[in-house]
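Read the structure below first, then the notes.
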Amino acid sequence: MGSQVLVALGLSLIGGLSTSIGALFVILNQAPSLKMLGILQGFAAGLMLSISFLDLAHNAINSIGFLKGNLWFFAGVLFFAIVANFIPEPTLAPVSDSTKKTGDEGGKDIMKKRRRQVLFSGIVTAVGISLHNFPEGMAVFLGSMKGLRVGVNLALAIALHNIPEVCVLLFCNISNFQTDFCKWQAFKLATLSGLAEPLGVIIVAYLFPSTLSPEILEGLLGAVGGVMAFLTLHEMLPLAFDYAGQKQAVKAVFFGMAFMSASLYFLEISLPEEMSL
């Protein structure tokens, strides 16, 4: 059990800390293209849909049967649909530039107000990302219980999708406040939110015993597929459509699915399906 937890922690840290890469992309680019961010979001959605439907749900149905596999999958969908109601939406009302004309004191007050707004918005965004990352950490641990290949597959998909997801969320929240303070706060909060993934590993490690039956494990992984599918279709895909347009976003989705399928194939032939941890 100890080695499984350590391996899952290492894999989840890779996925979690990829949020820092997404934050750096926004910080180092003065004005990232919304269209490019939308295409990246579509690509990330394709990654998640591929591993949800073509890997997790597919394996669950093949392992425990069509009915049970679908029941577990839609249980995951229903679970995260309920959780999504409690995830705060990262919104930020910009401050009017007209107030800059009130003099030095007014300028200082405006700067303080802006910093409070950015910090609050960043915290809301970080909470939202953390609530997304937490079940992803659980998924990596459950995958690692089945085998190293499954755990690596999930960690890869999560790491690749976290980067554009964080890019879009942070850009939406700091685009009106291009200051060093805003960018530094965004980076710190994005990095901290990524630590929700290893936290998910630690918690689920004590919720599920190492002697979990193969049928329950397959069912839980099918439910993870439902969670990821709902997250993708509910939050990631609409953003991709908004920023990149429907045609470009759909192309990016299928490119992401093809990329993830190829990655899964090469991992499958390079790692044993069952590998003792």
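Using the three backbone atoms N, Cα and C, a Cβ is placed for every residue, glycine included.
From a predicted model like this one, the values you see are computed outputs, not experimental measurements.
Here is what TrEMBL records for this protein:
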- 6-27: transmembrane segment (TRANSMEM)
- 39-57: transmembrane segment (TRANSMEM)
- 69-87: transmembrane segment (TRANSMEM)
- 118-134: transmembrane segment (TRANSMEM)
- 154-174: transmembrane segment (TRANSMEM)
- 186-208: transmembrane segment (TRANSMEM)
- 220-237: transmembrane segment (TRANSMEM)
- 249-267: transmembrane segment (TRANSMEM)
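By the Cβ criterion (under 8 Å, sequence separation of 6 or more), the transmembrane segment (220-237) is in contact with the transmembrane segment (69-87), since 3+ such pairs are found.
Counted over residue pairs separated by six or more positions, the transmembrane segment (249-267) shares at least 3 Cβ pairs under 8 angstroms with the transmembrane segment (39-57), which defines the two as touching. Highest Cβ contact count with the transmembrane segment (186-208) among the listed stretches 6-27, 39-57, 69-87 falls to 6-27 (criterion: pairs under 8 Å).
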